[in-house]
């Protein structure tokens, strides 16, 4: 019946009056033809697509090549982000401290150069450089204008790209170096997790010469008796004391003014470029704005004969005492300590202890190459210590609290503009 129906349709023969059987036969005959037509249409459509692809072949290849290049770029950008710490060393001369002031280009800081290098090396996206909270950035300690560091630690999240230290350093000036990197826990904060900080203060030894002695700066040599007295006075700082007189904007009953000092001493003197220097080291849990420079300044005032030794005890009491602040030039952040973190995570199999034994040689080389020469040459050229010593007679170490408050009203604004001395760990 199907063959007969096909013949009727193809020959145009008249068909009997439509009935349900005839309509069924006709549908059966036209069904295959419709299917063939639909298939042909799809094939033609496919041919047109293929033709268009062939015509645009070169363009498509170019697009594919561009996509591959972008993919390679994206692969670097999609490197895993991890929380790390960076061991930094820098010479602070010419910088207005460590901490970045986003939106202010008036004063250049160490973090300005660091963030720029992180962006250029591909460790962080550009918008993280503009908003440092996005990369969970935290410095262990602030350093003030001109203050250097040999063991600064910053914590942040970065892309762990290949040769990361080399690439960051390639975008940094030679007087700022990243000397080490270690993975840390996701919640690590370099400031809050720090147990203690060690600072050094390099100064010419003529600073300890008695005021009644006429000394030549390059000829003066520190004798053992004077060095022993200096160390006796420095050791008085050990323990917990109220250091409200050694900072600004803290009253005698402010609990945060009480600080714990673990050790403080002056090392043996040494000669550099015909001038004798010595290095004072101090380790404490934390330090306030100006604290270390004032601690050293008061000892110098005592040794030189401007103040009595009893002023130390007075300075820890509620009385307001005039404490001179030594220059910031010789102050260096030497090391930060993470004993509690190391005990908990240092040997957990996933993280390393935050100790830098393998980097000690690089640290020593950096100090000899950049930090010490800067301090020595600046002292010789600008005479910052000699000029400061000439201001000691102006201080009244026996003045009353009322007199001090009156005098401070005139000098408060100008002195506060100097900022922290690099040991303002919690003075934010």
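Keep in mind that glycine also has a Cβ here, set from the backbone N, Cα and C atoms.
For the ranges 52-78, 79-105, the feature annotated in TrEMBL as region 'Disordered' maps to 52-78. Across the domain 'Pseudouridine synthase I TruA alpha/beta' (237-339), DSSP assigns 25 helix, 33 strand, 45 coil. If you count neighbouring Cβ atoms within 10 Å for each of the recorded positions 144, 199, the highest count belongs to 199. If you measure from the Cα atom of residue 199 (substrate binding site) to that of residue 144 (active site, nucleophile), you get 13 Å.
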